[in-house]
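Everything on this sheet refers to the single structure shown next.
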Ligand SMILES: Nc1ncnc2c1ncn2[C@@H]1O[C@H](COP(=O)(O)OP(=O)(O)OP(=O)(O)O)[C@@H](O)[C@H]1O
């Protein structure tokens, strides 16, 4: 039977010289889910993934990934898959050769052929098998990248910004691949800057400046957010924006489309806001959550 926990770390940290890039991180990720790891540029997402993949030695702390201890990086590498934009696909090799190359690293020779065929079928890559990887579109190349990372059937798959630069259709197709993988028991640990993709994850963690700030389901993260959010419909967007920002109890205001969005400390501000336009309360989006935790001021939820 598979463990119910795919990843567990205790006080895992990374320093470069005196700079602490990942503050002691204690994280638990359940098996078989899509786990989203969010944070602004430079937050430490890739560094975390590299530590959890056995590629980068942590400065301190312990952890297990897919049942293997991080103190045994080769065991970790054999049980995980890691796909990122920079890695893994050789343009001069065919699709099949790319997958075969990776399979040969981890599988017994007699298992390679069947595993390659199964992976090409599973990811819909079979019809491209004889094509050079360089000839593939971005979406298919990314699929191939994932194919090379899962050919040895890892229990945990790390995907570092798998959909960066893809068009919306290719992004959606790639998420179908991700769900297919979790349906067969793989735990997928994915980083993304797209909030609609964060919404697709069963659980999320939010990192900023190397600190884990929050963890939970998208719903829990929205519910934990302090303050009340309103939309103000008005023909005078700029004036209303400035008026709202000047009010006591308003912590943020910005324009979205033909509305002014306002964050207030509590519902007492509603009476005054209602004088500025047609007011309705809105539920926070994950973008609201992200900005509150990791945005420039971080005043809303951080001490
Ligand atoms: N080898 C290194 N030496 C020194 N600092 C490093 C090294 N690698 C990464 N860093 C620093 O660690 C921090 C975290 O980088 P990391 O790439 O993990 O962030 P990230 O969250 O993945 O960012 P992005 O979203 O831009 O990919 C950054 O400030 C980066 O400059």
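Glycine is treated like the rest: Cβ placed from N, Cα and C.
Taking the domain 'ABC transporter' (7-234) as a whole, pLDDT averages 94 in the prediction. What TrEMBL records for 7-234 is domain 'ABC transporter'.
Sequence-distant contacts of the transmembrane segment (21-39) (same chain, at least 6 residues past either end, Cβ-Cβ under 8 Å): 2-15, 45, 47-49, 51, 58, 60-61, 155, 178-179, 182, 185-193, 197-198, 200-208, 210-212, 215, 290, 294. According to TrEMBL, the transmembrane segment annotation covers 21-39.
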